[in-house]
Structures are given as C-alpha cells and as structure tokens.
Number of protein chains: 2
Amino acid sequence: MGQNYKIIIEYDGTNYSGWQIQKNTRETIQQKLEDALTKINKQKVKVIGAGRTDAGVHAAGQTANFFLDVDIPAEKIPLALNSELPADIICKKAEKVSADFHSRYDARGKKYRYRILNSNFNSVFVRNFVYNVHKKLDVKLMQTAAKIFEGCHDFAAFCAAGSSVGSTVRHIYSLNLYAADNGEIWIDVIGNGFLYNMIRILAGTLIETGLKKRTLFELKNVLESCDRNNAGFTAPAQGLTLIEVFYD
Amino acid sequence: MGQNYKIIIEYDGTNYSGWQIQKNTRETIQQKLEDALTKINKQKVKVIGAGRTDAGVHAAGQTANFFLDVDIPAEKIPLALNSELPADIICKKAEKVSADFHSRYDARGKKYRYRILNSNFNSVFVRNFVYNVHKKLDVKLMQTAAKIFEGCHDFAAFCAAGSSVGSTVRHIYSLNLYAADNGEIWIDVIGNGFLYNMIRILAGTLIETGLKKRTLFELKNVLESCDRNNAGFTAPAQGLTLIEVFYD
C-alpha cells in the first residue's frame, strides 16, 4: 500500500473544471495532481481531496492525501510536486500520516471565504478571485444578517436544486463579514460541512440583503421555509476560496 | 481637434508586449486603448501615455490623454471604454482637460512599486504581480541600502546597457521598503523620471544586498562608478507596477 502522505495545496481555479476528475476533460485539479504524482511514483497514484471544489472555485488550503510506493522524505514532496504541476497549482506542505488517515472522512470542518469587490470598477489584480458588486452594499446590515445563519440549521433552502444529499442539516460554527480598505468584503464561513452551492447561495442572499432587496425578518423565513426558491441567487464561483480544512 | 480627456487606467501587463504600439503585435496597452476609443469616437484616436511601461509591467494608475471629436461627459468615459476593453485593462476615472494638457510632458513625477514575495513557495493569487525570492531576505539591510539611492544622482550604473537618453541624472524623491505579513516586500520608488530598466536594476541590486551578496559600502561605489556592469541583475518585469503619475 505504501506510505500515506497528507498535503496542503493552493490553486487558482479559474482555468479548471473543478477539483474532481471528469470523463470529458483533463483540466481538473485532482487530475493534475494525479498526473504529477504518477510521474514521481512511476506507478498510478490516486489522490483523495478533503472537498470537491466546483469549477472556478479556488483554494488557499485544500487538503489531500495519497499513497506512494517510493519512500520520499515529506519535506521533498512540495518541491518535487511543484516542478511537475502547472503554475496555478502549488503544494505548500506535506507530511507522512498513518495509513488510516483519509482527508475527506477525517475532516472536522472547513473554512471558506467569499470575496466581494464592492466598487464601481473591477480590479485587474484580483478580478479572478472576487465577485465585483457595483452598487454600494450595506455591510452592517449584512453583518447582522450573517448571524441568522450561524448554528445548527436545516439549510435545504440553501442547497442547489436537484442535488440529493440525505440530511440537509449542517452546523455553521461562524459566519463573519469583514470590510477591508480596498473595497473588498469578505464573508468567512466555518462549518462542519456544506451542501452543494450552499456558501454561494448564502453569499448571494447576503448580497441581496446588502442591496436592501431583502429584510432581516424575511431571511429567517427563508431559512425556515427549506425551499430553494425563497433564497437568493447563487453568487459566482470565482469569488469563493477554500481557506482551510480542520482535523483533530 | 476636439475635447482633450485625461484618464487613469489600471492594467495587468502579463499578456502584453508593454504600453507602446509596435509593428509586429497588436497586444499592447496603447493599441487596445486606441482600438476601443476609435470605436467610441468613430474616427481614429491617438492615445498619449505618461510612461511607456515594458512588457509584463503592470499599472494601477497609469495616466493617459486623448482627443475625441464626439462630446461625451467625462463620467461616461470609463463605462464606455471598459465595455470595449479586455478584462485586464480597466479605466478608473476620466476628466476633461484643457487642450494643452499632455500626460507625458506635464508629468511631475511617478510612483512605482516593485513587489517581492519572499517565500519558499509562490502564491497562485499574486504570482503574476510579484517576483518570488525563495531565500530569506534581510529587509532591514535592504531598507538601509535603499536610502543610498535617494536624492539627485547620476544613475548611469542603473540604466540598461545600450539605451541612449542624454543625461542619466535623475532625482529619486523617496525609496522605501515595506514588509507585509504575507511575505511580500514592497519597494516603493517616487522620482521625477526613470532611466530604462532603472527601477528593475535598483530592485535587483537591493535583492542581492538582502541576500548578503553585496555590502552597503559597495553600493555607494556602484552608484558612483556609473557603470552598468557593477550594479545588480535586472529584476523580472512581472514584479513592477506603475502606481501613480503626479501632476501640478
């Protein structure tokens, strides 16, 4: 079975069809990692990711694990891997872990950030990593609204229609909004797990609140309705970044 | 002659052969602006830029001016222009100016920033806008070194070989180094004008100082020698951004 390695990776998802390997494209993060690792290992390597980020979604701290037949010191893995990977995927750290470590099953929680650029004009420097909202957002209102979603709730209203997942109950440990000087607004979400498109629908709903298209009172009803039709739009993938995956 | 307009533009220079229109490529910033403005004006427009940034160099506040035959309110120019420009060039601001305003001749100074990412690994989020130096730089030493170049000096040693410019005396009003939490080091230079590749050679020389390949004592001699061979390497274009152009 070989040695199990855990890695932390950063990627710019702009030019990828998401994390997961797909039939019709080789342009997935998982595929690029498996290609690079198979070269290093000289035998096929399967990579397990903590979370399947969608097309266009980025990661600053995605976590993955894989088994190698060759025994390589953990500290050599990032350099070896980065020399085979395209420039928009970077391995930051690697460590040897026990054979039973599984990056997805063992994950205790994840932190995502949704970046909004609230500005008349986009910025060429961050345009691939933010969603540019032109009209002025009421950040204070959004900060109050965010608190409604903290805690353990049935988030069925914030799950992409048509996805079947069993229970739609999830625990959001914290949902915080930060406004930076440069016009960026960050929506930071930490939770035990997320439904399909959940953070992007939460972001879209909070943006509609910040534009005063929705009242705080309404938001509680949206959550309780468990009906996707009542929540806001799905904010674009490019604004979303997986920041960190938590383990025991 | 029409109305003279002054604009502020931001661009990601990664995919361009620099500011200036060239015979063998249409991929220049000036060309893209002229194409967009000619569409709006329905007659050929010539764009004058404050500074001719090199291939791969970026701008947060490049300034340009041009004459339009059609009379458009200044506040409509950015939107009209941005709808014709590619996503990596953005007009942020426009104003009507008197016919004798010339963005290059009237410029009193410019501010450039050279961004270094001093980190074992590059970052996918800023990789096109920084120069990644892996080995640890001595920022304090670089800060002291930077002060040697402030003031009015003959910068012949910091001018790309083969360029003819007349006088090589330039006035650097300030040269400051800032270290940010995320591993970025910014070299901010304000001056009345710069020789060809001057800031990139200054950045390369300061980097060599930060790597302890050069002493502070040596740097004074390099400046006084007026010999390009004595200065450091030309740091890559991608780390350089034109921040602002100053006018009276």
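In case you wondered, yes, glycine gets a Cβ from its N, Cα and C as well.
Features of the protein shown, as given by TrEMBL:
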ACT_SITE  B:Asp54  active site, nucleophile
BINDING   B:Tyr112  substrate binding site
DOMAIN    B:8-106  domain 'Pseudouridine synthase I TruA alpha/beta'
DOMAIN    B:145-248  domain 'Pseudouridine synthase I TruA alpha/beta'
What kind of secondary structure is the residue listed as 'active site, nucleophile' part of, going by DSSP in three states? coil
What's the CA to CA span in angstrom from B:Tyr112 (substrate binding site) over to the residue listed as 'active site, nucleophile'? 13
As a test of the contact definition, list every same-chain residue at least 6 positions from the residue listed as 'active site, nucleophile' whose Cβ is closer than 8 Å to its Cβ. B:Gly18, B:Trp19, B:Asn197, B:Ala237, B:Leu240
Mean pLDDT for the domain 'Pseudouridine synthase I TruA alpha/beta' (B:8-106), as a whole number? 96
Secondary structure split (DSSP) over the domain 'Pseudouridine synthase I TruA alpha/beta' (B:145-248) reads 36 helix, 30 strand, 38 coil
